[in-house]
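Everything on this sheet refers to the single structure shown next.
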Amino acid sequence: MGEPQGSMRILVTGGSGLVGKAIQKVVADGAGLPGEDWVFVSSKDADLTDAAQTRALLEKVRPTHVIHLAAMVGGLFRNIKYNLDFWRKNVHINDNVLHSAFEVGARKVVSCLSTCIFPDKTTYPIDETMIHNGPPHSSNFGYSYVKRMIDVQNRAYFQQYGCTFTAVIPTNVFGPHDNFNIEDGHVLPGLIHKVHLAKSSGSALTVWGTGKPRRQFIYSLDLAQLFIWVLREYNEVEPIILSVGEDDEVSIKEAAEAVVEAMDFHGEVTFDTTKSDGQFKKTASNSKLRTYLPDFRFTPFKQAVKETCAWFTDNYEQARK
């Protein structure tokens, strides 16, 4: 059984980020139901590292449900540099949000994890049972461990108080409103920004690394639909991986080619192999998702890349970069 419909007041933390904006769009485009009141907040509304501010926000909104997206995030190179900062800031945010949600009587919290939480040394495909089987990749251990702790905390809230606090594990998310910063962003938005600059200046495109690592990319608007389904229908405390299938994994080289094609770039493409590749692959199984939603249709990768590139070009001045 899903949540009884109606009488849902849903607070979305991190509402101005990539996934928050996607949920906002999907809700506005008709996915919201009568009786659902959606409240999207960002760091402008409260500093979630501060317990008193977080509690005041939750007291004010009085949500029945929370989608917790707020986090200090960054790409591979920023993670390598600031493992402690990622750990400390996020541990405060997560504890403040989860405990304030508990204190105001929220019926359900859905938090957002990441596939980087999985053990570095593992078998593939990875699934939801493997989260705590070994240490994560050393490059971003601070962020990885702090995200794992949400799963630990969810289980503890359930054991001690019977709370339905759960989490989703998306693979590599991309789409409109992403962070397109070349130094600090994730791989795909970074590539989009680089291609835009190379095209504008007539220079070559340099892709960091060998281009060989493989990733499962999920379009933010697809993820938004799945988040809403989890909020209404998924009642396990165990996390669920939200991902395209294993066969839809693409190499960084293929991702770069999709961006080059979408942006009609005709310059030279080179790979800077002095830059780190990070994990070679982190192939995730979406079989648990498919047992619940066998017919869910993901946006084809090239179409999603095309839409994201078009959004970035149209919103270049305002885009995070």
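In case you wondered, yes, glycine gets a Cβ from its N, Cα and C as well.
Listed features, source Swiss-Prot:
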ACT_SITE  Y143  active site, proton donor/acceptor
BINDING   G14, G15, S16, G17, L18, V19, G20, K147, P170, T171, N172, V173, H186  NADP(+) binding site
BINDING   K194, W208, R215, D277  substrate binding site
SITE      S114  site 'Important for catalytic activity'
SITE      C116  site 'Important for catalytic activity'
SITE      K147  site 'Lowers pKa of active site Tyr'
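Features recorded in Swiss-Prot, as mapped to the structure shown.
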residue: L18; record: NADP(+) binding site; DSSP class: helix
residue: S114; record: site 'Important for catalytic activity'; DSSP class: coil
residue: Y143; record: active site, proton donor/acceptor; DSSP class: helix
residue: P170; record: NADP(+) binding site; DSSP class: strand
residue: W208; record: substrate binding site; DSSP class: strand
residue: D277; record: substrate binding site; DSSP class: coil
For the recorded positions listed here (Y143, W208), which one has the lowest count of neighbouring CB atoms within 10 Å of its own CB?
W208
In whole Å, how far does the CA atom of N172 (NADP(+) binding site) lie from that of R215 (substrate binding site)?
7
Just to verify a number: CA distance, P170 (NADP(+) binding site) to D277 (substrate binding site), in angstrom, no decimals.
20
Inside 10 Å of the Cβ of S16 (NADP(+) binding site), count up the other Cβ atoms and send me the figure.
18
Relative to the Cα of K147 (site 'Lowers pKa of active site Tyr'), which of the binding-site residues G14, H186, D277 has the closest Cα?
G14
Which of the listed binding-site residues (K194, R215) has the least company, meaning the fewest other Cβ atoms within 10 Å of its Cβ?
K194
Distance check against C116 (site 'Important for catalytic activity') for the recorded positions Y143, R215, D277, keeping those with Cα within 10 Å:
Y143
K147, H186: which of these recorded positions has the sparsest Cβ neighbourhood within 10 Å?
H186
